[in-house]
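The annotation region 'Disordered' is assigned in TrEMBL to B:1-26. Under the heading transmembrane segment, TrEMBL lists B:33-53, B:89-116, B:128-149, B:161-180, B:209-227, B:264-285. Taken from TrEMBL, the feature domain 'ABC transmembrane type-1' covers B:93-285.
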């Protein structure tokens with residue numbers, strides 16, 4: 001450290017550190033990032049580009065066995081857009097995503113606020129149980145939830161019958177699309193609330209205690225304090241988490257696909273992800289599958305546009 | 001509270017002096033209401049996990065009998081023994097371990113170099129690079145698996161651990177760069193400069209000064225990449241078409257289908273065996289993971 005003071009270049013550079021640094025630092029960045037860039041381009045960028053191309057081509061089974069793919073312009077898109085089945089899937093996905101993301105956010109934020117009011121022992125118990133749920137691998141939790149709602153021996157049906165709801169004796173939850181989505185939604189919400197709760201709790205605890213007290217002394221009630229003091233401070237985190245939930249729930253695949261295999265009626269329970277899988281890899285129509293995938297991608301980008309614009313603004317400022 | 005219309009300051013004083021007693025009583029009652037809700041919430045969230053363990057330790061008579069067995073009084077281990085004796089379980093375990101290890105090594109090694117570049121070097125398109133990282137993160141995997149399948153097929157990497165690991169690595173790299181960048185930003189560059197003045201090369205300075213300080217970040221981001229690869233289902237389903245190459249999540253699905261009548265005791269034991277190591281790892285690093293994610297998010 002003493003050496004830095006003695007070294008002439010360092011002292012000379014003191015008034016202009018950024019410029020000197022930028023000259024010094026410009027030498028190597030490109031090749032350092034290269035391996036990462038190559039892997040990402042090969043595994044993400046290239047497939048994305050070929051998928052965009054395929055969505056404008058006739059690309060069925062014949063093309064997979066070597067026949068050249070023919071350009072057909074927007075035909076795949078018009079075929080998809082005029083198909084009532086697609087719109088059914090679309091509406092189902094959007095409603096499912098909105099309801100599940102909304103419930104996840106409400107429960108997660110309320111749980112985070114609740115945590116600030118809890119005695120230590122109960123708070124730790126809640127944190128541990130949320131953490132366990134967060135850590136559960138999707139497939140493990142999916143099989144457990146199937147067992148909970150099992151037709152003959154599931155704990156849910158047994159308890160409901162014991163409470164006097166006779167209609168649940170031997171009720172097959174997965175067969176009826178409505179109750180199918182109740183289970184799918186419950187699994188997803190159960191798995192995503194912990195992340196929301198922990199992130200919101202982390203930012204709520206950063207709200208300065210003295211500001212809260214001042215607001216209270218000024219006569220602000222609990223709701224007023226929440227919306228006028230807490231809310232503006234935690235808003236960026238809420239925005240980020242909420243957006244992630246919407247994207248994740250809109251593209252839900254694993255939960256729906258596994259529950260379909262376990263007894264759901266595929267045609268009544270398809271969401272965008274499983275529909276792409278069925279049309280593309282199941283029926284071998286890569287062209288139409290790709291077109292649906294692109295529609296899904298555009299939908300995601302539209303939803304995230306606001307966030308990206310915000311980031312761009314921040315990036316330009318720094 | 002009080003309905004005085006006096007200036008705020010006075011109200012505050014009056015409130016403090018005058019209404020201490022009722023307010024304390026009220027807050028005590030609301031505290032116990034909160035406590036009850038908190039306990040209920042904790043129980044609801046832990047119940048499925050408890051039920052998995054409980055069911056995995058029961059005999060078929062208990063599982064399929066008329067009543068519910070609320071506690072695993074017998075501690076029946078037959079379900080676990082059956083799973084552990086199952087060769088396909090160990091094959092899937094080996095496949096998952098290979099794929100995950102490959103994916104984590106590729107992702108972390110390439111990401112740390114890229115994160116150093118983004119964090120340490122100022123170049124004009126730096127903001128754009130960060131943006132690209134985020135946008136890639138937003139692209140749903142479900143929007144690309146058709147062409148990823150086709151690409152892997154043309155390279156003969158279907159049913160291949162390497163193929164799946166590459167896809168996992170490519171998916172983890174952006175978020176890993178993002179997390180590591182946050183950690184590297186936290187190590188002052190002046191430390192490295194001091195090292196260079198003392199005669200270290202630039203790489204040497206990074207290697208001997210910054211890298212050791214990054215250990216927590218490396219652990220956190222490796223664990224993150226580990227978890228997302230270990231638990232992944234969609235791409236595994238697409239790439240590992242043959243049962244012989246199933247990863248653990250796929251094995252759990254096929255375990256369900258391959259038996260004549262669903263063997264719930266065995267499935268619960270299998271689910272538990274897959275979940276327990278993940279939960280342990282998760283509990284060890286949970287604090288760091290949350291800070292890593294939030295750190296990257298806040299600092300941009």
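Using N, Cα and C of the backbone, Cβ positions are placed for all residues, glycine too.
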Residue numbers, six or more beyond the limits of the transmembrane segment (B:161-180), whose CB comes under 8 Å of its CB atoms: 95, 98-100, 102-104, 106-108, 110-112, 114-115, 118, 130, 133-134, 136-137, 141, 148, 152, 155, 214, 217-218, 220-221, 224-225, 228-229, 232, 235-236, 239-240, 245, 247, 292-293, 295-296
Contact ranking winner - B:89-116, B:128-149, B:264-285 against the transmembrane segment (B:209-227), Cβ under 8 Å: B:89-116
Tertiary contacts of the transmembrane segment (B:128-149), as residues 6+ beyond its ends and Cβ separation under 8 Å: 118, 158, 167, 171, 174-175, 177-178, 181, 234-235, 238-239, 300
Spatial neighbours of the transmembrane segment (B:33-53) far in sequence, C-beta under 8 Å, 6+ residues away: 72, 268, 271-272, 275
Close approaches to the transmembrane segment (B:89-116) from elsewhere in its chain (Cβ under 8 angstroms; 6 or more beyond its ends): 83, 161-162, 164-166, 168-169, 172-173, 176-178, 180-181, 183-184, 206, 210, 214, 218, 221-222, 225-226, 229-230, 240, 244-251, 255, 270, 273
